[in-house]
Amino acid sequence: MTAKDYPSLWGFGTTKTFKIPIEHLDFKYIEKCSDVKYLEKILCVLRSGEEGYYPELTEFCEKRLKGLAPKSRALRKDKPAATASSFTEEEWEKIDGDIKSWVSEIKREESRMHFHETETFPGMKDHLPPVRGSNSYLHVGQEKHSKNRPAKKKIPRDYAEWDKFDVEKECSKIDEDDKEKTIIDNKSHLSKIERKVDTAGLSEKDRGLLAIREKEKGNEAFNSGDYEEAVMYYTRSISALPTVAAYNNRAQAEIKLQNWNSAFQDCEKVLQLEPGNIKALLRRATTYKHQNKLQEAIEDLRKVLDVEPDNDLAKKTLSEVERDVKNSEPASKTQTKGKRMVIEEVENSEDEDEKGSGRKHEDGSGDKSKMSSLFWLCRKLPAYIMS
């Protein structure tokens, strides 16, 4: 069958795939076409059969495309799955031997594990029932564990018991257990991390790169809320090469942990390396505020606002500190007002004291003589006392 024997495709619109005009599916057009991408699309349409199957036209298109682009993806053909006939006899023997040796090794490992369990408790083997569907025996440890476990209720709960069940309480217990486990795991993880990095033999450039890497680890821990781990990595970064950024970041992490003194020391280090550092002044003001050093906090915040008048954080913190100062002033100034207490002179008190306090009174108490001596002493004092 030649090209003349094929029905004319002129005027039939375009293909569904790639919207290629039907008249381009032609020997003459393909022979003249030199656009590789376009020929690949034509070949894809011919192979799909959506416009009919034309073996000779498809083969002609493949040859044309091969002449223009021998390495075109459209010319690639999927290879069938490899079988034994796809390899030489030596290659197949090697592959088959590797598979058999692997299977035998797995079987030996399974049998070794099984016999290890039975040899550990040889006297218990005859007394334990076999596991259903296998020849292995029940592990003794599992039996002991099941005996210690309390027996579950076989009778289902009634609806009244479910009314007494506190869901929020049980959820909080689960959350607390998870939180405790996380804290324990985090502490064990931190205990394994060295606080100092070994920089022996490293150049200053290598130490700087190492410090940056440790600082970035600290930033990742800080962003995830692991402030203790962040402090650890910032410390490692400082041990490699002390920098303003590492001290500043560690101060912020210490503030999150409410370690005010440690945060203050880091801020001091920053201000020694770079006087007037805005972040260090803000963070030192925060430590002053929580240590009740309000005047020092105000001084730092005003320094920040002198450089950055539009700093919102400094404005907010300054207003809070000034409010705390105002609230503390009335309490310090308030004093209890004194009252005048007039001491009146009691008649005959001195005479009674001089005549002898040992004289017995009619009531027999002797309190009157004591009171008279007290009033005699008070007469030596001013007429009134401010209390």
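Every residue gets a Cβ built from N, Cα and C, even glycine.
Listed in TrEMBL:
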REPEAT    244-277  repeat 'TPR'
REPEAT    278-311  repeat 'TPR'
COMPBIAS  316-327  compositional bias 'Basic and acidic residues'
REGION    316-370  region 'Disordered'
COMPBIAS  344-354  compositional bias 'Acidic residues'
COMPBIAS  355-370  compositional bias 'Basic and acidic residues'
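With helix defined as DSSP H, G or I and strand as E or B, the repeat 'TPR' (244-277) counts 27 helix, 0 strand, 7 coil. Counted with DSSP, the compositional bias 'Basic and acidic residues' (316-327) comes out as 12 helix, 0 strand, 0 coil. In the repeat 'TPR' (278-311), helix, strand and coil residues by DSSP number 27 helix, 0 strand, 7 coil.
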